[in-house]
Amino acid sequence: MTVDEVFVAPAHRAPVSPAADSSTAAMGPRRSAASSCRRLLLPPLLLLGVSGFFQSYAVEVDIKDGSNATCLYADWMMRFLITYESNNGDYKTTTLNLSSSVTHNGSVCGNDTQAALLAVQFGEGHSWSINMTKSNETYQGEFITLTYNTNDTAVFPDAKRKGPISVSVRDPFRPVLLNTVFVCHNSFSIEAENVTEIFWNVTMQAFVQNGTVSKKESRCPADTPTSAPTVPPTTANVTTASTTTLSPAPTTAPKPVENPDTGNYSLKSGNKTCFLATVGLQLNVSQDKPLLININPKTTIADGACGNTTATLKLNDGNSTLIGFTFAVKNTSPSVQKFYLREVNVTLLNRLSGSVISSAGNSNFSKWDAFLGSSYMCRKEQTLQINEDVQVHTFNLWIQPFLVEANKFATAEECIADSDLNFLIPIAVGVALGFLIILVFISYIIGRRKSHTGYQSV
């Protein structure tokens, strides 16, 4: 796989008419494969915004496979609104734009088993990427990741936190049919944590067939058959990062995170199912600020190992979040055995490089115990404290790590939180406290009587 071209140009290309030849419009001027990386820099279009002039660049990337045929094509414009904390504790919003110099390291074509990846790097240590997966009939964006570098003082002149910061979000668009190009002329935005990503004039096709970008188009909801390209409102200058002070903190509260979807997972030993699990999982990571991450069962792959005395379930959500659960068997009496959760490990990965962002583990659990040959169930939310920064929340848990028969859960032992007798706990505590008070009172009376008796004898 080779990258034939990277084309960087100012934002004044003519709109693509839906009635025109879509292939020609999508592809633009074709250039020789002999130039491994060509950039065309023309006088930029200056767009007058509310705060001054805004300079914007379009990027065209043409990824080629080993036979020098186009396999991934993209032509688009984007910019980012980023809220960050300043040195004095105020929160400011700045604009990050594409620069005239863009590289494309790490982009790959993808195939039936490997995701396609479109990755660009620009400015002082900033990068953006989207990975796309393929099914029998469609392809779809999975994760969009922006890494911005607060060491770039032109954009973040007074950032309190220094260094690269990555923010990821799922692609919100529906799948696109194979041999169809995705087109969105009008601007649309995607919000992720403290970042708003704005895109417009987008033409993109992954898993290109026969080296030719398709004439068939799949339009975004923002477009209509007669719509013309629009430019989003401008708020900052590309060279002197305009900022807006929001003291002392952002006024908009973060959106509440819904409970995660429940996934069904299983392991096999040969042709026999040996491990069953149904659970909704949510991570709570609170290093720099609290972050809730829901594990998506649709993108999660189960792996692990079964055994007679230990069993491990490993869940991999999109090569970005890894969670491992280890169960063990203990003898509660010479003839009675129980299984229990012994260890949980959590690893967060960089979706682009696969490098470890954070990892945590706790091997001292003694939870979710049930008799060997049965299953454990707890519908209510439970919290596993991995370390001071990482928690795992479980919902609708039903698990059996040993002695699975006929691919079905055995009779479940329910957690006390699900029990109908759960209301007796506060009553029992109240009764115990009442008895304790009575005992203290009786001791006090006896003590007083003894002291009075002593005085009379003297």
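Keep in mind that glycine also has a Cβ here, set from the backbone N, Cα and C atoms.
The feature compositional bias 'Low complexity' is assigned by TrEMBL to 221-254.
Spatially close to Cys184 (disulfide bond) yet at least six residues away along the chain are Phe199, Trp200, Asn201, Val202, Arg219, Cys220, Ala222, Asp223, judged by Cβ distances under 8 angstroms. If you look up TrEMBL, you'll see Cys184-Cys220 (among others) marked as disulfide bond.
Annotated disulfide bond per TrEMBL: Cys378-Cys415 (among others), in sequence order. In the structure as shown, the Cβ atom of Cys378 (disulfide bond) sits within 10 Å of 22 other Cβ atoms.
For 260-405, the entry in TrEMBL reads domain 'Lysosome-associated membrane glycoprotein 2-like luminal'.
Annotated domain 'Lysosome-associated membrane glycoprotein 2-like transmembrane' per TrEMBL: 425-456, in sequence order.
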Other than its own, how many Cβ atoms are within 10 Å of the Cβ belonging to Cys415 (disulfide bond)? 18
As a quick check of your reading of DSSP, tell me how many residues in the domain 'Lysosome-associated membrane glycoprotein 2-like luminal' (260-405) are helical, how many are strand and how many are coil. 3 helix, 102 strand, 41 coil
